[in-house]
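Below is one structure; the comments refer to it alone.
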Amino acid sequence: MQGSSNNSRNSNLTDQAGEPGSIFNQSDSLRRRSSSSRRSGSLSCVASDLVLGSIRLSHELADHILADVDSSALAQIGDSGDRVVEEEEEIDSNVMISTVTDEAFVMLEGLRPTDAVSPLAEEPIFSTSKEDHAQLVKTASTKDKQYKLPHTLDYCAYLIHLSVFGFLGVFTRYLLQKLFGPGHLALTSDQTPLYLDLPSNILGSFLMGWFGIVFKPDLRHVSEHLAVGITTGYMGSLTTFSGWNQKMLLLSSKGHWMFAVAGMLLGMLIVNESITIGVESAEGLRKKFNCKLINWKVDTKGRHVAVTATMLFSMVTIWVVSCVLAVVKVHHLTNGAVLWLGCVVAPPGVWTRWYLARLNGVGIGKKSHLKWFPIGTFLANVIAACIMAALSVISKAVNTERSGVILSGIQLGFLGCMSTVSTFVAEVYTMRQSGHSGRAFIYAASTVMGSFLLGTCIYSVPVWTKNYY
């Protein structure tokens, strides 16, 4: 039986081997599979090329949108400082430029490759260009009709909004330090590249993508004071560049150079990704939920008076309470002394940064060179970083508990609010999205490396020479 079964299997194999058609069928099947895989591979390559072409097209369309916009306007997207008050008084010459800057950038973020008729078209054609232009004209004409406060009251209203939202920014930053710091979640510390202010910088950069880029025209439509208060006041005070720079100086002064370099690189990458996610998520919400804020618009005298009075009462209340608690807690050296002292000195820090922001887009010299460079934000960050480094040296030299608390309060409040990461990263993001990656790199590198090198001279050198450890 076994012999017969073996013979039958051998005969079957012999028959199959003897049939030339079966061999050809197998080889044809293999060729078809190989050809199919090659076709699918070539199709995937074509699809990849189309995707890359669409990305390149989107950048070309972005350049087309912003071709007629002055580079100084892009430098002012993050913050234009108290020049906004002067712009309101010169509506005929400046309101259209200011509106186009914000709306054009929002259009850029919502741009899709399908908005163009063809990748080979000589001129990109937008399906909504006429509607967008009509909306801009309507917005400009609406601003002409709305009630405006007198110059002095208008300027004071901006300062009041900046103060109130600056207080909120300091509170949020301090709470995030405590929450993610060694006392609770222990995710950040002074000994690793994940510095204490990293969570607040991430949150502030994310919110900047929302309210500083995508929804900023909507906020401005409601109230210019509200837009400045939220972007410059709250998010500018929530984030801090000087605190970030000082933590890297602490690491490098102790010989942890790799940690310091990693902290700068990771910090820059994380906040850039945060604002990108913020913009993309806000764009998705904007397309899905078309909210109308016309009923909330502050355009009458009564509404201006009511809002300004409410914000003034809030500012005075918070400031008085902060002063009282700061005096008591600093005297007794109890918990919360740094926070309340920081709140006392926070408003001057916000005001200083807002005033320096008027230099954004102005340029250098009589011929206004480097108008694309946000000089105001750059100076605010670098100066605050240098002052913080100097105060840290003084704190180590004096080396008393009360002086340490006072200097820490100044660093948290005044210097933390004077410097900003949210506006800084928004300016870098704007340069990149407008097709000026080189400018974005130069601006980011000059701010980060310039502050670190100056801080090394001010802080690290005395620490090394005087043995302040």
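Cβ atoms here come from the backbone N, Cα and C positions, even for glycine.
According to TrEMBL, the feature compositional bias 'Polar residues' maps to 1-15.
Look at TrEMBL and you will find 1-40 tagged as region 'Disordered'.
Taken from TrEMBL, the feature transmembrane segment applies to 155-176 (among others).
Sequence-distant contacts of the transmembrane segment (196-214), counting only residues of its own chain at least 6 positions beyond either end whose CB sits under 8 Å from a CB of the stretch, comprise 77-78, 105-106, 109, 169, 172-173, 176-177, 179-181, 187-190, 227, 230-231, 235-236, 238-240, 243-244, 247, 267, 270-272, 274-283, 286, 421-423, 425-426, 429-430. Taken from TrEMBL, the feature transmembrane segment covers 196-214 (among others).
Residues annotated as transmembrane segment in TrEMBL: 256-279 (among others). Long-range contacts of the transmembrane segment (256-279) within the same chain: residues 109, 191-195, 198, 201-203, 205-210, 213-214, 244, 247-249, 421-422, 425-426, 428-429, 444, 448, 452, each at least 6 residues beyond the stretch ends and with a Cβ under 8 Å from a Cβ of the stretch.
Residues annotated as transmembrane segment in TrEMBL: 305-327 (among others).
Under the heading transmembrane segment, TrEMBL lists 333-351 (among others). Sequence-distant contacts of the transmembrane segment (333-351), counting only residues of its own chain at least 6 positions beyond either end whose CB sits under 8 Å from a CB of the stretch, comprise 159, 162-163, 165-167, 169-171, 174, 232-233, 236-237, 315, 318-319, 322-323, 325-326, 384, 401-402, 405-406, 408-418.
Annotation source TrEMBL lists transmembrane segment at 372-394 (among others).
Per TrEMBL, transmembrane segment is recorded for 406-429 (among others).
Under the heading transmembrane segment, TrEMBL lists 441-461 (among others).
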Most Cβ pairs under 8 Å with the transmembrane segment (441-461), selected from 305-327, 372-394, 406-429: 372-394
